[in-house]
């Protein structure tokens, strides 16, 4: 893992990999949204409002999957002191929070025509809102710690928050909720194939875009740090 | 190397403790985090007189009856127990016989559940209408 500890080496690899994530990500997302929004059938119960699924589900997946990535980056920073780990954590947190917010908003807009309400405080909706707050807490704390590289508060906060991930996942099984149970598990799939195709494409496309955005954000932070270091050296040389 | 192993042990210990604390907390939370009670729950532990609760289950097939302009009566079932429900107002589009429903309200003296809010709870199945039509008859819409 410390093979990538050298930022110059990481930057070289990240620069080469980024277009291979972003370009297929854009193409697959566009195809998924076209099929999902126009070329796939309506649902037998919900009609056309089922199409919100093709945005809601990838957003939920990237909100919670992104948080797992943030937690792994924080663990790596705390235990192995990997120089890029907190950079990765900060790069993940903002798009992760954004996708969590998209999940909450799209779910709310989906809830009105199907359930008859924009919001209820059931276990799934509440735990997903807590996930957004955890992201915002991490973002605020890591911004407050930005001038102290040795600070560990944000990383510890994100690790404590991992307790929320199984709660989100199993909320619909542990408690009675308005939100329905999982459609896809290891043993069953309750989504018709012509609707599953755009859903899986959309999850894949948004995931590639997410990974590309994270790499771009890491490169940006490393470049910003380098500029700051150089201008400080220049200022000292002229002083 | 040694410091790294110490930190790893500490982190794993902290995560295990966190998991334990979380599990304890959740088991204490138990039923109070539930969004609604099924007819069987209500039969086992009846709510206090006039207490507002949420009742959830399936709208029993053939039970929906219209009484007056905007009043609808139906039966909520969990396939074990049933509860008769009355509601005045506009029901959600997905309120259908055989589908999930959550009613907010309270029991009256005669054991009728008088709802002041109705939410539709759909299941996890998604399919085109043609497929649904060949699998089983599409439930009639109500309301």
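Keep in mind that glycine also has a Cβ here, set from the backbone N, Cα and C atoms.
TrEMBL assigns the feature transmembrane segment to residues A:153-172, out of the candidate ranges A:153-172, A:173-192. Averaged over the domain 'Cytochrome c assembly protein' (A:21-179), the predicted model reaches a pLDDT of 96. Beyond the transmembrane segment (A:195-216), the same-chain residues lying 6 or more positions past its ends with a Cβ under 8 Å from any Cβ of the stretch are 14, 17-18, 21-22, 24-33, 35-36, 39-41, 43, 50, 53-55, 57-59, 61-62, 65-66, 69, 88, 91-92, 95, 99, 189. At the 8 Å Cβ cutoff, the transmembrane segment (A:59-80) and the transmembrane segment (A:92-111) share at least 3 close pairs (sequence separation 6 or more) and count as touching. Long-range neighbours of the transmembrane segment (A:20-39) within the same chain, counting only residues 6 or more positions beyond its ends whose Cβ lies under 8 Å from a Cβ of the stretch, are 51, 53-55, 197-199, 201-202, 204-209, 211-212, 215-216. Same-chain neighbours of the transmembrane segment (A:92-111): 49, 52-53, 55-56, 58-60, 62-64, 66-67, 69-70, 73, 117-120, 125, 128-129, 131-132, 135-136, 138-139, 142, 158, 178, 206, 210, 213-214, 217, counting only residues six or more beyond its ends whose CB sits under 8 Å from a CB of the stretch. Long-range Cβ contacts of the transmembrane segment (A:123-141) within its own chain (Cβ-Cβ under 8 Å, at least 6 residues beyond either end) map to 60, 63-64, 67, 70, 89, 93-94, 96-97, 100-101, 103-104, 107, 153-154, 157-158, 161, 164, 167-168, 171-172, 174-175, 177-179.
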